[in-house]
Every structure is written in structure tokens, then in C-alpha cells.
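Undergrad: Before I ask anything, here is the structure I am working with.
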Amino acid sequence: MEINTDKYKNITRNLEREMINLNPIQRGGILPTESKKIIYEYWDGYSVCDYCSGRLDRIETPPINEFLEDMSKFLGMDITRPTHGARESKYAVMNSICKEGDYVVLDGNAHYTSYVAIERAKLNYEKTDIGEYPTFRVIPESYAEKIDMLEDSKKNIGLILLTHVDGNYGNVADVEKVGKIAKSKGYPFLLNCAYSAGRMPIDGKKLNVDFIAASGHKSMAASGPCGLLSINKKYEDEVLETSKVNVVKELQMLGCTSRGIPILSLMASFERLIERVKKWDLELEKTRKVVNELEPLGFKQIGEKPRNHDIIRFETPILDEIAEKDKRRGFFFYEELKRRGLGGIRRGVTKEFKMSVYGLTNTQVDYVINSMKTIINELR
């Protein structure tokens, strides 16, 4: 068998080294320098298992067991387990506490992985209403309406799911209202915090949450794939049920999950997470500044106003107008940004785009704003 492996050698990526990355799916997952150092110690397969005591969450060296206890405090929950991502966390909950055919009531802004998890767990769903253009806010009262409708139809409800911050518009849902509805109706409540935990303060107990699904690589300065599932002790026996064959292994975790660099990078970044969520107001100031400075150019921010999250979605008719007369067509914006050391915006996009300045310095934010102003003013 002959296979040419030359294309797999010397694979490189220079986006983070040479450019300012504006991609909202990546801004929260950028590793600080101190976290990168740990990669050299744990890049071998199963290196975290040097002193394994039978299960990942019980490993003492490195102190994964203590880290998970501390993470529970950080999130305001009782018990935390590492997973491969928020999607796996959601599936673990659905597959353990719901019965086949049960309904999951979820918001209209839910991520596609919520639906995939529902389908994989052989469940049904009922989607709640959201506000109209241009805000698209989750309507908490719609949860009560959908629950009543399902109950009247004699449908079994297994779970209430809410996307804390959606990836399309960056809207922050009213968790407390939905949590009160779930509690009053007597249903378990799962909060998808893929875009929030690690970026902004989260306290599950204050929010009436039973489960938190978090993403290490999306919002907690960790390499991927890595996530967390935090639960209330009330659901420990159901969600963390162990195998009858190997009694130490938890079924929903398939024994062990993130057993390598991802979980170690998350641990190394933990101190940074604790500090950065305290500065969330400063992140919002930077985000709102971007919106206020760019809208006069002909950009229109979609989603709730003022911004309560770092994800910014712009409709950009002005870019469309420029693309019609520029010989580069829809690629001009990407190329002009790249020429100025800015990346993370999709190539060929002119009708709308998403961006984030999370974690950038004020000087960098000003540079981003001024660069976009220059591009528009020179080419319009």
C-alpha cells in the first residue's frame, strides 16, 4: 500500500500569531501563554493517566479531581464532569433522565447540536417562540405556553432546555424567568452555556438551573475538544449511573472523556477564567463601542440592544454596494481586512457577518474600528 503523506507534514496556522482574530466562535477559546506551556508536558496519548485510579474525575496527579470540585464552585453547581464539549454534555443529560419519546422544550435560538442530541437520544422536541426581526429575543412566557400545550395533549415532557447565549445573535436569555417556569411545572432544567460559561459570570443555583453544559474550547480558553457538565446533586444517581460490568465507570461518560491536552489546558487556564469573568462589564463596553462606531458607516447590528454579550452580528448593505463595483466582488472585505492584519471574518461575505473583540485590548479594539472605517470610506 502506497500513501503519500507529504501533505500532512509541517501543517501550520498563522492566524493567531500574525493577525487579530475576530471570529466569535474562537475568541473565548484562545489559550493564554501559560496554558500553552502545559502542552509540551502532556502531548503524549493517555499522559494524564500516569497515576490513574480507575476514572478520569478521580485522578489526583495532575489534580483533575480537585479541579472539578473547584469548577463546581465557579459555576455555582454541585458536581462537575469533563466531556468532549457542550453537545456531549447535553446528550448525557437527555440520555439519562429522559425516556424514549419524551419531549424536550427548547428555545427558538437553540444551537443545532441541541437538536442532534435530541434526535440521538430518540426524543421529540417542541420549540418556543422568539421575537421578530431585528432582535430575535427568546420569549420566556412561550415556555409556559408550550408546556401547557404538551400537557393538554398528554405528551410526556422530559426536559426544559434553554440556550443562555445563542451563537446567531449573541442574545442573553432571561434564565431566571425560564428557570422559575421549569421549577413551577416540575421539570428538570438544562442551560446551554457554550457561549457564556468562562466568558461571563455564571451561578447555576441563583439561576434555578439543574444542569449546565459548558464548552472549554469555545469559551473557557481551552484546546478542543473539551467541555463540562455540571449538575445538581439531586440528579447524581441518574446522570452519573455506573456500569454493571465495570462498576467504577460512568455510563454517560463512556468511562472517561477528555483524557489529554484539552482538560489540562482548561486547568491551566482556570486562574485566567476566574479573573476575566470579573471584567465582563469592560468586555461589554468594548463591544458596545464597536457597534456605536460602525453603525454610522452603514452597518446594522442585529439582536438585542444594547449588546449584553460580545458576539456582534451586523447586516452590511454598504459592503454589498461596494462589492458590486469592486473587481474583487464579495472578497474585497476579507482581503482588505487581511491586509491590515485582521482575520476571522468569512471570505466572500458582504451581506452580513459576525465578529467579536472579546479579550482584545482597548488599543486593538480601536485599531479594528479604525481599519473598518478606513476600508469603507476609501472604497464606498
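Including glycine, each Cβ sits where the backbone N, Cα and C put it.
Annotation comment: Swiss-Prot describes ALA86, ARG87, ASN192, SER215, GLY216, HIS217 as pyridoxal 5'-phosphate binding site, evidence class sequence analysis. Summarising the annotation, Swiss-Prot assigns N6-(pyridoxal phosphate)lysine to LYS218.
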Undergrad: I'd like the Cβ neighbour count for SER215 (pyridoxal 5'-phosphate binding site), meaning other Cβ atoms within 10 Å of its Cβ, all protein chains included.
TA: 31
Undergrad: For ALA86 (pyridoxal 5'-phosphate binding site), what residues in its own chain, 6 or more apart in sequence, show a Cβ-Cβ distance under 8 Å?
TA: THR113, ASN192, CYS193, ALA194, ALA213, ALA214, SER215, LYS218, GLY227
Undergrad: If you count other C-beta atoms within 10 angstroms, which of the recorded positions ARG87, HIS217, LYS218 is the most crowded?
TA: LYS218
Undergrad: Using the CB centroid of ALA86, ARG87, ASN192, SER215, GLY216, HIS217 as the pyridoxal 5'-phosphate site centre, which other residues of the same chain sit with their CB within 8 A?
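TA: After dropping the recorded site residues, what remains is THR83, GLY85, SER89, ALA194, ALA213, ALA214, LYS218, SER219, CYS226, GLY227, LEU228.
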Undergrad: Which state, by DSSP, holds GLY216 (pyridoxal 5'-phosphate binding site): helix, strand or coil?
TA: helix
